[in-house]
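Chemist: Provided herewith is a single structure, encoded as structure tokens, for subsequent inquiry.
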Amino acid sequence: MVDALTYDDVYVNFTQEEWALLNPSQKSLYKDVMLETYRNLNAVGYNWEDSNIEEHCESSRRHGRHERNHTGEKPYEGIQYGEAFVHHSSLQMRKIIHTGEKRYKCNQCDKAYSRHSILQIHKRTHSGEKPYECNQCGKAFTQHSHLKIHMVTHTGEKPYKCDQCGKAFAFHSTLQVHKRTHTGEKPYECNQCSKAFAHHCHLRVHKRIHTGEKPYKCDQCGKAFVGQNDLKRHERVHTGEKPYKCNECGKAFVCNASLRTHKTTHTGVKPYECKQCTKSFASHGQLQKHERIHTGEKPYKCDQCGKAFASHDKFQKHERIHIGEKPYKCKQCTKSFASHDKLQKHERIHTGEKPYECKQCTKSFASHNKLQKHERIHTGEKPYKCDQCNKAFVYESYLQVHKKTHTGEKPYKCNECGKAFARHSHLKVHKITHTGEKPYKCNQCGKALAYHSTLQVHQRTHTGEKPYECEQCGKAFANQSYFQVHKRIHTGEKPYKCDQCGKAFVGSSDLKRHERVHTGRETLQM
């Protein structure tokens, strides 16, 4: 698949040394070629994002070019490509694009490029050179085009508007890419796994998953990344910079995508709809993640244990289990976390902030995930289905835990007493029996609890709140686990089976009580 032709594809850059070696006629020829290239691309509606282009061409021989405009003369015919070029050197450049020739090689990483100018830009990833500086905030960039894009964050100018959803963009090319989110067009396909992308740069970054290449390295901690944007986001962990601010509530974010998602909590707009279940999402990224529920696709695989993930975020979090990295530190209690979103959730324990509100019952939550879980109580949606017994679940994590009832797998083992558990959360609860730690205190009765979620359930004993209501008999519960057990009275489901006599039970606590009949241990009074 051949990419759309851009000015960079046909622009040939000379260093000062190379330019000095050219004779006057060669220099003149070069200027003419660049001017003609400018005109040709302009004629087909190319969107100019670099105002310096005309500076390359302003000394051209305009009179000679003007004459050819009248005569239509095109002395060099590219027969193989069915195109005519005004100069031989322009034809040569075009041939390089078609043949894929890459004669300019980096002496540090052996990566090769078709043009010297691109090699020079690439070398800056090794040297750290950022020659293009913003005169408003001092931020520096490796490429002039990146500086121009950054400048828009100061001016806010977005003249290009999508006629389908009204979203505005700073550049025409960005609008064209955005339109593909509506049409579903993905012209850039990976030749290794056939995954397709709407944007060529996304394909380039994706290919590094296959090659293992991570060319962008953090100067402070040495961590390497697949894409430049990933590095930029990571660097903000060290600097604490949050450049994207919500103009409604003043909340700031590390990346623009997080700000866009946050803004939907104010507007409620969800323009991205799933074609399989008609569920809508605030961002295209959220839609893509959701679609993997239907397809089962898990493109992110751990090299160490082989575990695969549907989202890159979950993959990154998992990687930190192996290396033990927790780069996100709470400034109030110095507790560290493997991911930024976990730190944010934790910080809300200190601030009490609950920015995510349910529109049906006005209940508020500290995280968007908790709001989503809660909303399924109202909708009854259970998108995750067990392929062995067809039981459906609200979340994939619940499905994974349920599957262990079929396999008997208990991968989470206590390193103090050897007891094993099906869920990591159950192991965490168990560990408290050894440590006795209870950091969460009820402000009404002073009772201390091991977990924030347990504190929330406990507080319902004071408020009388019972958010989990049975649709069949109307009985309500303060605790979701009690609600789940109660529903089995109606369905007749008894998932907990005694290994010794085969008797089945509605809840795990019922099974435990029964097992004491066999062991001879006294049953606890209820």
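Even glycines carry a Cβ here, placed using N, Cα and C.
According to Swiss-Prot, the protein carries these features:
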- 5-76: domain 'KRAB' (DOMAIN)
- 132-154: zinc finger (ZN_FING)
- 188-210: zinc finger (ZN_FING)
- 216-238: zinc finger (ZN_FING)
- 244-266: zinc finger (ZN_FING)
- 300-322: zinc finger (ZN_FING)
- 328-350: zinc finger (ZN_FING)
- 356-378: zinc finger (ZN_FING)
- 384-406: zinc finger (ZN_FING)
- 412-434: zinc finger (ZN_FING)
- 440-462: zinc finger (ZN_FING)
- 468-490: zinc finger (ZN_FING)
- 496-518: zinc finger (ZN_FING)
Chemist: Mind checking which residues reach the zinc finger (216-238)? Cβ under 8 Å, same chain, six or more beyond either end.
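Modeler: Distant Cβ neighbours of the zinc finger (216-238) are 125, 128, 205, 208-209, 254-255, 327-328, 340.
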Chemist: Could you tell me the mean pLDDT over the zinc finger (132-154), as a whole number?
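Modeler: Mean pLDDT across the zinc finger (132-154) comes out at 81.
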Chemist: Counting only residues 6 or more past its boundaries, what in the same chain has a CB within less than 8 Å of a CB in the zinc finger (244-266)?
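Modeler: For the zinc finger (244-266), the far contacts come to 229, 233, 236, 282-283, 285-286, 340, 355-357, 368.
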Chemist: Please determine whether the zinc finger (440-462) and the zinc finger (384-406) are in contact (criterion: at least three Cβ-Cβ distances under 8 Å, sequence separation 6 or more).
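Modeler: They are not in contact.
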Chemist: Is the zinc finger (468-490) packed against any residues at least 6 beyond its ends, judged by a Cβ distance under 8 Å, and which are they?
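Modeler: Non-local partners: 377, 380, 457, 460-461, 506-507.
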Chemist: Please count the residues of the zinc finger (384-406) that DSSP assigns to helix (H, G, I), strand (E, B) and coil.
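Modeler: Reading the DSSP string over the zinc finger (384-406) gives 11 helix, 4 strand, 8 coil.
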